[in-house]
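**Student:** Quick paste of what Swiss-Prot says about this protein:
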DOMAIN    83-269  domain 'RNase H type-2'
BINDING   D89, E90, D185  divalent metal cation binding site
Amino acid sequence: MNLNNLENIRYNEIKEFSDKIKKEFTFSQKKQVMDIIEKLNKDSRKNVIKLGQALEKFLNKYEEELKRTNNMYNFDRRYGNNYLIAGVDEVGRGPLAGPIVAAAVVLDLNVEEMQRIFNIKDSKKLSEKKREELDIIIREKAISYNIALVDNKTIDERGISWSNNEVLKRAVEGLKVKPDLVLSDGYAVKNLNIRNEFIIKGDSKSISIASSSIIAKVYRDSMMKEYSKGLNMYGFNHNAGYGTEEHVQAIKKHGPSKIHRMSFLTNIL
């Protein structure tokens, strides 16, 4: 759109143009968008000026996200630019039902800035819709990824601590490439024959760990929704097996299902 005669362009057309910029924006367009913002801010119409302010706010937010994402990539790259680094994380340690799931992800950490994956963070801080969108992107862009699980019966037999470590170990060992380094969230992975560094709050610092947390979360949530189709009384489709009041009351009323962790129910039954 040519904005040289901005005063003659209707507000709705300008708004449509502004919305399109936000949807299709790439960082290479930054200078062009800044020029557009300047023109909108000089318009005599208050609603057009507000569009310029909103576009400026969008641009600032984009730059903040670019910086945050670059920091997460650089956090991993500091271990070695030519290293294959795997991030590994688990989900489902605490639920009363279902498996514990882990994912390991190897990303190309040397990819050009604008080819990086944006909006990645701790999976718990993302909406379900955003996690599912990022899950697809991570799988497409990853050099390798692998998902592993330990079921509820094994958790009962071996304990949650063993199962937690085992599922992380399986996720890493199932990768199609052997990483030079494994970054794990919070604590080290025992009996792993690959160099391992554990990062406190790693899913908010490491792009590789955060990516693995998203894949693991989406995979497990999908599993629990499938289980819910035959066990709808427990509400697995929205509680994912965690001990909500609704879930606890359902266990007391209907008894445990085939996917419940009996060792977690001693204070309920």
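From the backbone N, Cα and C atoms, a Cβ is placed for every residue, glycine too.
Owing to the predicted nature of the structure, the values given are computational and were not obtained by experimental measurement.
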**Student:** Of all the binding-site residues given, D89, E90, D185, which has the fewest Cβ neighbours within 10 Å once its own Cβ is left out?
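**Tutor:** Fewest other Cβ atoms within 10 Å, among the binding-site residues D89, E90, D185, is found for D185.
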**Student:** Excluding D89, E90, D185, please set out which residues of the same chain place their CB within 8 Å of the center of the CB atoms of the divalent metal cation site, keeping sequence order.
**Tutor:** V88, V91, A102, L168, S184, G186, G202, D203, I209, S212, S213, A216
**Student:** Using DSSP, would you call D89 (divalent metal cation binding site) helix, strand or coil?
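**Tutor:** Once the DSSP labels are grouped into three classes, D89 (divalent metal cation binding site) ends up as strand.
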